[in-house]
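Participant: One structure, pasted below without further comment.
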Amino acid sequence: MSDSKCDSQFYSVQVADSTFTVLKRYQQLKPIGSGAQGIVCAAFDTVLGINVAVKKLSRPFQNQTHAKRAYRELVLLKCVNHKNIISLLNVFTPQKTLEEFQDVYLVMELMDANLCQVIHMELDHERMSYLLYQMLCGIKHLHSAGIIHRDLKPSNIVVKSDCTLKILDFGLARTACTNFMMTPYVVTRYYRAPEVILGMGYKENVDIWSVGCIMGELVKGCVIFQGTDHIDQWNKVIEQLGTPSAEFMKKLQPTVRNYVENRPKYPGIKFEELFPDWIFPSESERDKIKTSQARDLLSKMLVIDPDKRISVDEALRHPYITVWYDPAEAEAPPPQIYDAQLEEREHAIEEWKELIYKEVMDWEERSKNGVVKDQPSDAAVSSNATPSQSSSINDISSMSTEQTLASDTDSSLDASTGPLEGCR
């Protein structure tokens, strides 16, 4: 590293077991989380005068997988612009040449909490439906550009105390082709759709299954399909939802179909029993109607056969959600992915390194006085959208205010390489 560059623009601080070498504009660094993708600190941006999250990517050039993931996250974050997607405020490296390049820092909005901290709260129907609406709007925005998130889970969804919600972590997101086959194990196990578990081709509504799992967790206060491994995860799904039909079985690879057909048969549990009235808010007759609608939405998202599962557009128009519908949010213009070969790219580590370095340098070129050119002037602050239907929604009372923009500590990727681990 150049001493002159480091001394004039950067300073170093020890954060847990990692050294953060950051621009001097970012002060008061405080670790708030870590995960497979990197370490995150809260900081104060002295240029913009706001609190931000600074994420140091974890060993981005350790191997081709890490490098491609880092490139993918950077490209997608630079493209998306939606109130329910976390905003990228800055990108930098303390190294001044490609030869020295080894660290990538992403600066993003800082939120108050992630959904892990909200799950154990008692949410009324207004708050729950509004959180889900925002989740679906963010996903719709990604899907409109052919981007599947693939790693939706409570720790990847962050909120403010006013109920504003944003989706983050795009290291596993990818652009989509119709009914394509991809790496089988991408989403954290508990939120993994059946078509992923079984190694089938999958499409955008793989994210809808994850939303259904998250909604179920918000309702029950606990993970709804908590498998101990890949096979047990499938067992937990069919024990509650029932063994899928012969029509679905025909879509499976022969070895997987043989395994699934030889498992014990389960009739499934009615959704009225999986999600009984008493676990929902029930203070009024209106709550009873909302409970019925919420349960119906769950029953349409948690469908084993993806061809019969609700789409994001249908979910946004569902009676439980549509009360919040705003075309400006739900039908926002799709992001323009400027790298058409984002998924087809395969490179050696050094080539990935050069691509990422160019992205970082491009950002620096477009930056001036701490604000990126052409970036909306309010992009540096969190959205304070207020649902027109109710003012009470704008407070998640007693929410922890420990600020966060961090994944949980578990890895998003499991080590297995095939459907049901080769059907043990």
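A Cβ is built for glycine as well, from the same backbone N, Cα and C atoms used for every other residue.
Positions annotated as active site, proton acceptor by Swiss-Prot, on the basis of sequence analysis: Asp151. Per Swiss-Prot, ATP binding site is recorded for Ile32, Gly33, Ser34, Gly35, Ala36, Gln37, Gly38, Ile39, Val40, Lys55. Residues or ranges marked as compositional bias 'Low complexity' in Swiss-Prot: 388-417. Annotated domain 'Protein kinase' per Swiss-Prot: 26-321, in sequence order. Sequence annotations record features per position, and here Swiss-Prot assigns phosphothreonine to Thr183. If you look up Swiss-Prot, you'll see Tyr185 marked as phosphotyrosine. Marked as region 'Disordered' by Swiss-Prot: 368-424.
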Participant: Determine, to the nearest whole angstrom, how far the Cα atom of Gly38 (ATP binding site) is from the Cα atom of the residue listed as 'active site, proton acceptor'.
Facilitator: 15
Participant: How far is it from Ser34 (ATP binding site) to Asp151 (active site, proton acceptor), counting Cα to Cα, in Å?
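Facilitator: Checking the Cα atoms of Ser34 (ATP binding site) and Asp151 (active site, proton acceptor) gives a distance of 16 Å.
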Participant: What's the CA-CA gap between Ile32 (ATP binding site) and Asp151 (active site, proton acceptor) in angstrom, rounded?
Facilitator: 20
Participant: What's the number of neighbouring CB atoms sitting within 10 A of the CB on Gly38 (ATP binding site)?
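Facilitator: The answer is 24.
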Participant: Rounded to an integer, what is the Cα-Cα distance in Å between Val40 (ATP binding site) and Asp151 (active site, proton acceptor)?
Facilitator: 18
Participant: Let me know the most crowded of the binding-site residues, choosing from Ile32, Val40 and counting other Cβ atoms within 10 Å.
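Facilitator: Checking each of Ile32, Val40, the winner is Val40.
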Participant: Can you see whether DSSP assigns Asp151 (active site, proton acceptor) to helix, strand or coil?
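Facilitator: Asp151 (active site, proton acceptor) sits in coil per DSSP, no helix or strand.
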Participant: Mind telling me which of the recorded positions Ser34, Asp151 has the densest Cβ neighbourhood, counting other Cβ atoms within 10 Å?
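Facilitator: Going through Ser34, Asp151 one by one, the largest Cβ count within 10 Å is at Asp151.
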Participant: Could you give the mean pLDDT over the domain 'Protein kinase' (26-321), rounded to a whole number?
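Facilitator: Across the domain 'Protein kinase' (26-321), the average pLDDT comes out at 89.
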